[in-house]
Structure formats: structure tokens, C-alpha cells
Amino acid sequence: MSDYKSTLNLPETGFPMRGDLAKREPGMLARWTDDDLYGIIRAAKKGKKTFILHDGPPYANGSIHIGHSVNKILKDIIVKSKGLSGYDSPYVPGWDCHGLPIELKVEQEYGKPDEKFTAAEFRAKCREYAATQVDGQRKDFIRLGVLGDWSHPYLTMDFKTEANIIRALGKIIGNGHLHKGAKPVHWCVDCRSALAEAEVEYYDKTSPSIDVAFQAVDQDALKAKFGVSNVNGPISLVIWTTTPWTLPANRAISIAPDFDYALVQIDGQAVILAKDLVESVMQRIGVTDYTILGTVKGAELELLRFAHPFMGFDVPAILGDHVTLDAGTGAVHTAPGHGPDDYVIGQKYGLETANPVGPDGTYLPGTYPTLDGVNVFKANDIVVALLQEKGALLHVEKMQHSYPCCWRHKTPIIFRATPQWFVSMDQKGLRAQSLKEIKGVQWIPDWGQARIESMVANRPDWCISRQRTWGVPMSLFVHKDTEELHPRTLELMEEVAKRVEVDGIQAWWDLDAKEILGDEADQYVKVPDTLDVWFDSGSTHSSVVDVRPEFAGHAADMYLEGSDQHRGWFMSSLMISTAMKGKAPYRQVLTHGFTVDGQGRKMSKSIGNTVSPQDVMNKLGADILRLWVASTDYTGEMAVSDEILKRAADSYRRIRNTARFLLANLNGFDPAKDMVKPEEMVVLDRWAVGCAKAAQEDILKAYEAYDFHEVVQRLMRFCSVEMGSFYLDIIKDRQYTAKADSVARRSCQTALYHIAEALVRWMAPILSFTADEVWGYLPGEREKYVFTGEWYEGLFGLADSEAMNDAFWDELLKVRGEVNKVIEQARADKKVGGSLEAAVTLYTEPELAAKLTALGDELRFVLLTSGATVADYNDAPADAQQSEVLKGLKVALSKAEGEKCPRCWHYTQDVGKVAEHAEICGRCVSNVAGDGEKRKFA
């Protein structure tokens, strides 16, 4: 028997079946770096319209986690897709380098700055530590396949950036937004310094828990509110607290606007309590005989005044969202100098931020005769005795509760108001302008707008000063007597900024005031405060975007971060940009959800459900991680687990196999000389290119809308359904058995070529490594990298006016689906083995019959059977299968007649009819020794 294998056009490619991504990707990365791929892209895109995605800087501390990966991959997908859409989209990654976590790391190793270890040395160590952290994170970000200017990132600790941060503050001061005030901060009396949240630990502590009566100033007004006239004794509003020592600083009582408050008659007096807490308070204070005289909503009591039990002044009732019914009385003692909630509500009502406590934790002189000079924790008993003496104490008991302590000394800390600098929300209309700017920004998802609007509408002034060592100095001089800013502040700040640009922030601490103030130096002091790190990152629109040459003076188009950044970077950037320039720093803001495990639980080391991006890249490869990110709806929580990643790997295989099929069947195809003109192509091939065109329209629309899971779904549908289960199946016969250089085969290869050119580009933003690999195997002249080009423009489709248009092939797909069902059943019943052992008769209504007969003998190729006949629907035998999808179709199957051709595997009556080729069918003889078969339709 002759061997006809050599006469077949079998698929052949060097593109491997297995991705082996974990092994191959590092080599590709090395090539990208050696070639300076990022630089090549910039050169290719020069002069095109820009799209600037400004990188929100991650903090330079610790290894990257899965959330970082999601963030950087989403950014990279956008930047690459914008490049393919014809934009110049430079990406400059950044890092946030100042602040407390870095200070703590340095402190753990070297101790706090003191005489032996100077503040200058401390800062140098912080700078060194941050640089090593940046290097570690940069390696991992690059490994993700993220393209950017990794050799020239922006760091908030770059000297030039530090100088520009000072300039940003200068502009805000020039525009009149800065003011000085007091704000409560965590304060350790042993450190004699403010603590950040990260330096606070919680331990159990026993404190006195007290209920205190504040007597109403206008008793009649209260009776009127409750609609009662007969009350026995004075009326008081009752507060509950576990910090009696803060009562000297009380300036109000907070109640909830929507709670019901009851006026309760007890022995000799009446008290006001939240109605839902009356029973528990009565039990606590040991009263069994009481009567509720009336109730009102909290809002009714707003601004009524109550006498402080011992300080000799009265205070208002105010409305606050922080009031709860979890414990206490429903009325909260409010001391703006001693608590963050109290401070925020105090700002709203214009209350004094009183702070009667010194840095050592003792009361300042003039606070109260029996309290002056007393340590606050020793003062609790004195205050309780004082309340008892004044008849204001309803109840006292000891209570154990969780209390904030200093992480160094393990001793209890206090909240204490200290002088700070603020960006005012209202003195120059910053709040109103910010709210206006928010409306001009596109928020993705759109609920982001309402979220940031409510935050801006309700936020207090922004405290931008910090008492830290490692941070950008505020660079201010204040008069030592009046504490007023120097009249030439803006000029002086520019002078400092110039020095910082050369020597970094240390230049400020090394600066002798005389150098720039001359004779005035004796009258002024340098402000020792540093800026809140949120000011560093929030001013990058000015300190980085406005000055980097690749951004060419354009503002950022997009900020993209996790949903926690509405109150973080999106907010600080909006405040600073609006305060400096009167406008938002971004046109679009996209937020993604947090990562959770497969069961929707938050990731935590203690549960052991974290997924390390490094592990995923080392086992599965970065492209699998990228595909998982793209295929997950980022608008909500993003679930990730081994099982979910395995599903991503399965999808990846489907896409890779499709690409490999295309490449293997483009073997021997040179687009410059083998391409068939559209009008000469087989109709089915034009349909397939049209499918790619339709898919491309959907995919580009989805990229444009940042709907990446839609991109992946459409890509999968194209690979699996339109190509895999229909077109690629049908063309194997023609591709393998037709004459190598025949129009029938070259038409098919032309379609595959167009499809591959489009597919590789659709993949590129998401499956960057695989797209680069595919690109290297595609035939024809091309640029070195897929990333320098644009979406493929060579696609075309069938015209609606043609008889065999898209609707025709859609119907044929359905017919084929129905035939497949019948074949599957016959295989299950052992009537046939493969589909080529079958011949089918399609009994149809006239309209469908006309379409099917138009294909002539080529119908069998579409159905993958050896025979296909069309007959009248009414002639169908009883055993013909009625289609559930197409009402006018019944399918009957029989075993194909004739012999199996060993070359094409079809069963035909003409095997062996040509003496020279006695083993193969007539069609194969024509393809091997004649002019080759002609195909018009399929």
C-alpha cells in the first residue's frame, strides 16, 4: 500500500503546545530588557495623542501581595490596550517613600534618633531602607510582565520630588488654604510625643465607668419639647463615660438625630436617656420605680444647653452620627481636644478644641483647683469624688475594657489636642470647588462618585502636619512671639525648595535660619513639622506629572487604585490639585475591589488563605495571573484560590491551542505571495474572517470601557465556539488534503492569517508573554514586537446582500448542531464510529432546503459527514429525528456507503477507480496528481 502521508499538508510549527510559562517568561523578560522594549514603544508612539495613566505609588515596605498584582496588571492592560488603540501611553511607576512604617523599621534596627544616632543619620538610614524595598518590589512588578519606565521610576524621596512637594504646599498657602489649629492625636506621656496608629497596641485596662447628669439650663424649654408640665425636680441629660479625667475638657453632649429620647421621672429628678436604653440604665443605677413622661427625636433637642457639673459653664446638645445604642445612655460626653470623633463633630459645630493636659500627662495650671498638676490617670478618682459632691453622679462601677497603649512603653496613652497645620475645606471654598470638580470626572464603577462626594461633603479640615523625622519638612518660619507665618513665606519656601532639590530634605534641618533670613533670624523659628505622607502622594500630579518630560505638560487621564483610595489617594490628590489649580487632577478614576479567597473570606496570614503572586508566577506563570485578573469582574471583590487559578489555566490552554492551530496551519504560507483576494476566497473563509471582525468590534469596545472580563469572555467564545467547534473543525479536511498551492487551501490560510493577526493583538494587553511568543512565529514581515503596533485593520466580512451572508451561516451552524446530536446518539448506540462513517439526509421545509442545496456537494464538508442529502420535510421516515431548534428540519442517519479513503478518511463509491492510485478516492487523486479540487463555499 502506498504511503500518502507525504502528500498531505500536515500542520507544523515550532510554537510549543505547552506554555511552560514559569520557565519561558524570564527569558522573554530578559529580551524585553536587553532590547529596551519600553523605549522602542515610546519611540514608535512619539507624536501620537497621549493617554496618561498616573501610577498611585505603593508604599516602599515589604514584598508585593496579590492586591498589588491586581492593581499593576489592570494598569498594564489599560496602558497596552491604549497603545494598540493608537495612543502614546507612557507609564511611569512610582513609590511612596517617607513616613512611619519605614521609620519603625529603622528604629527597630538602630533605635530612635538621639545624641549618639543623630536625626540626620536616621534619615539617611530611612532613605537607604526605602531604596532596598523599592528594588525588591520593582523586580516582582517587572516579573508580572508590566511594561514601564522601571529604570527611571518616580520616588517621593527623589530630591527633585521632595522640592516639588514643598512648592505644592507653597502654592496652597499662596491660595489662602492653610490655617493653624489644634487636633487630638494619640499621645504617649512617657515618649512625650504623638504616636501614629501603627505605634498603638491594645491591652485590657480597668477604668471607672460613670453615669453623669448635666442639668438643663432652661427647664421650661425642655418640658415644652416633651409636651409635659408636671415634672418632679430638675431635668438632666445623662452621659456615660469610662474616662472621667476628660470631663474638664467637655464642650458638648452628642445625641443621635433619629433616636427616640425619653424623659424619665425617677426619685426627685427627671433624666433624659435614649428610649431603647432606659431599662438597662435603670438597672445599672439601681432604680426600680420610674415613669416615662414623654419621648422626642434627638433632632428636637439640638442646641439646648446643659450645665457642666463642675466647670462653671454650660454646653450644647449637638447631633452626631457616632452615637450608638451599644452601651451607655445614648448621649455622649464630647471633648474635642480628647477624641477624634469628638474633634470632627466639634469642628462642625465650631466648638473649642480645649486641651487642659500638658505633654507629661498632667493638668495644666488653671484647669481646676483640685486637678492642676495631677496626672490624668490619677485624676479619675478626684473627678468622681467631685461629681459626687456636686450631686451629678448617678452611678460608678469598675469596668475592664480594651485600651490603647504605647507599643514601646506598653503604658496607656491619651488623646491630646496639639497645635497642627490644616488645609481648610471652607475658608477659601475648597470643599465647594472640589464637589464641583468631582462632577466633571468619570467614576468607574459609577458608585464611586457618590462615595467620594459624601466623603468630601462631610470631611473635616485636613491636618497635614506630622511630628516625625522621616518626611518632607513643611519648611515654614513662624514669628516666635505671634506664631504668625513670615510675610515672605512663599519666597522663603522657594529658597528652601532649591536647596532640597540639590541635597534632599536634610537641607532643611541643616539650614541655619540666618542664611536666608539674615537679621530677622532672631525673631523667627523653624517649624519642625513634616508633611503627612498623603500630602507627598497627593501632590504627585504636580511634583511628577507636571514635570516629567514624557507627559509633555498633559494632566493625567486616569487614576486607578483599590476602592479604599476614595478616602486615600483619590481624596488627597483632589484636595491638593483643587487647592493648587482649582481643578481635579484626573479625568477618569477607576477602582477595583479587594482580593478574597474562594469562599469570599478576607485574605489573612492567620487563616492561611493568602495567595502569593510570586508562588503563582513560579508555578503557573505570570500570564495565568494576568488572565485571572482580566477575567474577574474587578468592580466587586476578586476571588482567588488554587482552584480559580486552575480554571484560568484551563482557559489559557484553550486560547493557546487556538493560536497553535492557526500557526501550525500557516506552515509554508507567505502573505506577500500566497494571500488570496477576498472576492476569490471560499465563502466560509470570508465568514470566518467576518467572525473575527465582529469579535474585534466587541473586544475593542470592551477594552475601551475597561471591561476586561468581557474581553476574555468574547475571546473565549471566539476561540471555543466560532473557531474551535465549527470553523477549525470543518477546514481540517481542505487544509490537509487539498493541493498545497491551490486556491482552496490558500484561501483557508489567508483567513487563518487574518485571524491570527487580529487574535495576537487582542491577547497582547492581557496575555503579554504568550502574544509576544505567538508574534515571533507569525509569517510575513513585521515589527519586532506586537506592542509597537495597533489593532489589526485587515479584517473584512460578508455583505448582508450576499445570499450566503452571516445569517445564512448562523442557520447552518444550527443545522450542524442538530446533525451532531444525531451522530452522537448513533455513536452511543454503536451504529457509527466517527462522523465520517455517517451519511445524513436532511428533511426540510422549502426555504431551508434552498439554502442547503445551494452548497451542493460541499454541504457534507460543513457537516463533517461522508454524505449529505436534502429531501422534502413531508417525506421524512418515522425514525428521522425532529429538530428542537429548527422546526422545519428532521435528520435521518445511515452508514455511509462505499469504502474509506485512507488519505482523506471519507467513505466514497469511487475509491480505487483510478488505476495509478488504486487505494484513494477520486477527489484525493485530483489533489495528488491532477489540478486539485475546486471549493467555492466550504
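The backbone N, Cα and C atoms fix where each Cβ goes, glycine too.
The model shown is predicted, which means the values in this text are computed figures rather than measured ones.
Swiss-Prot lists motif ''KMSKS' region' for one of the ranges 47-51, 352-356, 602-606, namely 602-606. Cross-referencing 58-68, 223-233, 740-750 with Swiss-Prot places the feature motif ''HIGH' region' at 58-68. Using Cα positions, the member of the recorded positions LYS183, GLU561, LYS605 nearest to CYS921 (Zn(2+) binding site) is identified as GLU561.
The recorded positions examined here are LYS183, LYS605; by Cβ neighbour count within 10 Å, the least packed of them is LYS605. A Cα-Cα distance of 65 Å separates LYS605 (ATP binding site) from CYS924 (Zn(2+) binding site). Confidence annotation: the motif ''HIGH' region' (58-68) carries a mean pLDDT of 92 in the model. There are 24 other CB atoms within 10 A of the CB of CYS901 (Zn(2+) binding site), with all protein chains counted. Cα-Cα distance from LYS183 (N6-acetyllysine) to CYS904 (Zn(2+) binding site): 85 Å (rounded to the nearest whole number). Listed binding-site residues: GLU561, CYS924. The one with the lowest count of other Cβ atoms within 10 Å of its Cβ is GLU561.
Note: the Zn(2+) site is recorded as CYS901, CYS904, CYS921, CYS924; in the same chain, THR737, PRO902, ARG903, TRP905, HIS906, THR908, VAL911, ILE920, GLY922, ARG923, VAL925 also have Cβ atoms within 8 Å of that site's Cβ centroid. In this structure, the binding-site residues under consideration are CYS904, CYS921, and the one with the smallest number of other Cβ atoms within 10 Å of its Cβ is CYS904. Closest in space to GLU561 (L-isoleucyl-5'-AMP binding site), of the binding-site residues given as CYS901, CYS904, CYS924, is CYS904, taking the CA atom of each residue. Residues in the motif ''KMSKS' region' (602-606) partition by DSSP class (helix H, G, I; strand E, B; coil) as 0 helix, 1 strand, 4 coil.
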